[in-house]
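*Asks:* Supplied in structure tokens, the structure appears directly below.
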Amino acid sequence: MGALPALLAAALLWAGAGALVNLKYSVEEEQRAGTVIANVAKDARDAGFVLDPRQPAAFRVVSNSAPHLVDISPGSGLLVTKQKIDRDLLCRQSPKCVISLEVMSSSMEICVIKLEIKDLNDNAPSFPTDQIELEISETASPGTRVPLESAYDPDSGSFGVQSYEITPNDLFGLETKTRGDGSRFAELVVEKSLDRETQSHYSYVITALDGGDPPNFGTVELSIRVIDSNDNNPLFEEPAYTVSVPENAPPGTPVIRLNASDPDEGTNGQVLYSFHSYVSERARELFQIDPQSGLITVSGAIDYEEGHVYELDVQAKDLGPNSIPAHCKVTISVQDANDNPPLINLLSVNSELVEVSENAPPGYVIALVRVSDRDSGANGRVQCKLLGNVPFRLQEYESFSTILVDGRLDREQRDQYNLTIQARDNGIPSLQATKSFTVKITDENDNHPHFSKPYYQVIVQENNTPGAYLLSVSARDPDLGLNGSVSYQIVPSQVRDMPVFTYVSINPNSGDIYALRSFNHEQTKAFEFKVLAKDGGNPSLQSNATVRVIVLDVNDNTPVITAPPLVNGTAEVYIPRNAGVGYLVTVVKADDYDEGENGRLSYEMVEGDRGFFEIDQVNGEIRTTRAFGENAKTAYELIVVAHDHGKTSLSASALILIYLSPALDAQESIGSVNLSLIFIIALGSIAAILFVTMIFVAVKCKRDNKEIRTYNCR
């Protein structure tokens, strides 16, 4: 098989973005469908092409000049034929037949592939007719030339028609000549004088041979009739003429006026012009010749892009008997006009929309652009540019251009761009074309969730209901889809040696925070924890915020009377009968675990013998308000209440029984506060005496040590 991978690859690195790799292969025509031509993936990798092994489809074909004939398998990277390739049908007789492909990897690197289709000598020359008939005057001198109809061979180059032979080779010979388009034709050459009386008819075989080894050939029968001649035959001034005509010349435009002279008079000297029988049908559609004047004019729409050169074989023949026509060749060159604007083709999956990640680095290829102009020369040379101030640029190569990222992309700031490519040729006047398309910036997970504030605080009263709503935290992520989907969770921590999860919970979707227990201000006045916001990207991004919960005090603790000591809510106090006014009976003390106004206590007497006693509302001291006489009763009752100052006040009460005792003396019976003061003074005095004694002993021991040089004092 003829798959000849002629690898010619050089990696050209462009502005930080991958490589452009050129690969060249060749394959002979007529290969069956499914023939493997080359392993493009391997050859491209060897040439520096970066392929991601994790991607199942390493290649994406973005341009293929013959998609019905060849293709690249996306998975394996093999270049294979899709059907039998007939070079003669694909490229006709062009000297080179090339199929072009451009493929792009998942990393947006470009590989340009040129596949040359090699010709096989699988066709033989053939003539359009089975027999060629000629009439030649017997007066034709040796050297007279008559052009013959050409043979056609679909093969190109050396496998096309190369030579002609005549059999037998006696009175006539053949000379092979080449036309402007490279095709070859034969001219019949009279080599010896003719005598009609001796022989009036000759039969020959013309053989056309190609350049194969061995050559293929085709034959046609040549029948020559020798006729009497009139005295003079038409004669052109030149055997060949070359003229030019601009394309798009309107019908009727004169091309050239031919002149063939014949000195005879009358009908023998009257010349008629015509195209030879083997002038192509297309040439006859574009040009016509006036039979009388020999003027060739334009008769059809001439397009330089369709044909550059036309060759017309013209014959001139007089109206006399046994006329021998004269022949000349007219070569018409078509001059190109700038009549085709550039054509812009965007090689992308969607010609109107291109997608690129916002993380694409500078130099990343987003699309391929092929610009063509059917004109030639300066008219067909095109310059391209990208219009507008956009973070993209256009880089031109030999057969295509690329559009690359040329700045930082941020979807959150701008999610799409409208790009316009302008192509202008160098003709005078120049023609231009524009192509607009949209570049959509796709999202990447490049933004952390952002809390509306870094610190949240909520105040809640104690004794709340478990499950009560506390507050909501909110974080926003400007990314799209899962990249912008935020979920919440509480960061593990401890509150009073207990996991924070036993205190609060959070809804992962809404950020709502709920209490899981009833808070107690007396145990926990405030606590803090962190909330984590996490997006759904891969890998995910996260941030956190601090939440502080302040537990407010509620008046939920009843005062407890601690002094005087109570037994079943009752206390007994003894005072001397001779106690005077203002005598301290007792001090009522109560405790309240609440704070502030809820814990501030006041005392009052609500029932009992209030005429004999009074109580200080702040410190709870109960004192006498009058002296007791000899006839006073021996026992008095008081109901004392201690109440706090909460909005809903709570209180505690005690029954205090006060007894008058004749055994006690008023001077001996002093309040508990005075006794305590005396006790403190006594202890202070003892400590002072002990401190002075220790200093005295230490000084005495030091003096004794100096005198006897020994230390024996403890």
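Note that Cβ sites are derived from N, Cα and C of the backbone, with glycine treated the same way.
Below, the features straight out of TrEMBL:
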SIGNAL    1-19  signal peptide
DOMAIN    26-127  domain 'Cadherin'
DOMAIN    128-236  domain 'Cadherin'
DOMAIN    237-344  domain 'Cadherin'
DOMAIN    348-451  domain 'Cadherin'
DOMAIN    452-561  domain 'Cadherin'
DOMAIN    567-670  domain 'Cadherin'
TRANSMEM  677-699  transmembrane segment
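Map the listed features onto the structure and describe their local environment.
*Replies:* DSSP assignment over the domain 'Cadherin' (128-236) gives 3 helix, 55 strand, 51 coil.
Taken through DSSP, the domain 'Cadherin' (348-451) splits into 4 helix, 53 strand, 47 coil.
Summarised as a single figure, the pLDDT of the domain 'Cadherin' (452-561) averages 90.
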*Asks:* What does DSSP give as the helix, strand and coil breakdown of the domain 'Cadherin' (452-561)?
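*Replies:* So the domain 'Cadherin' (452-561) is made up of 7 helix, 52 strand, 51 coil.
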*Asks:* Using DSSP, how many residues of the domain 'Cadherin' (237-344) fall into helix, strand and coil, respectively?
*Replies:* 10 helix, 47 strand, 51 coil
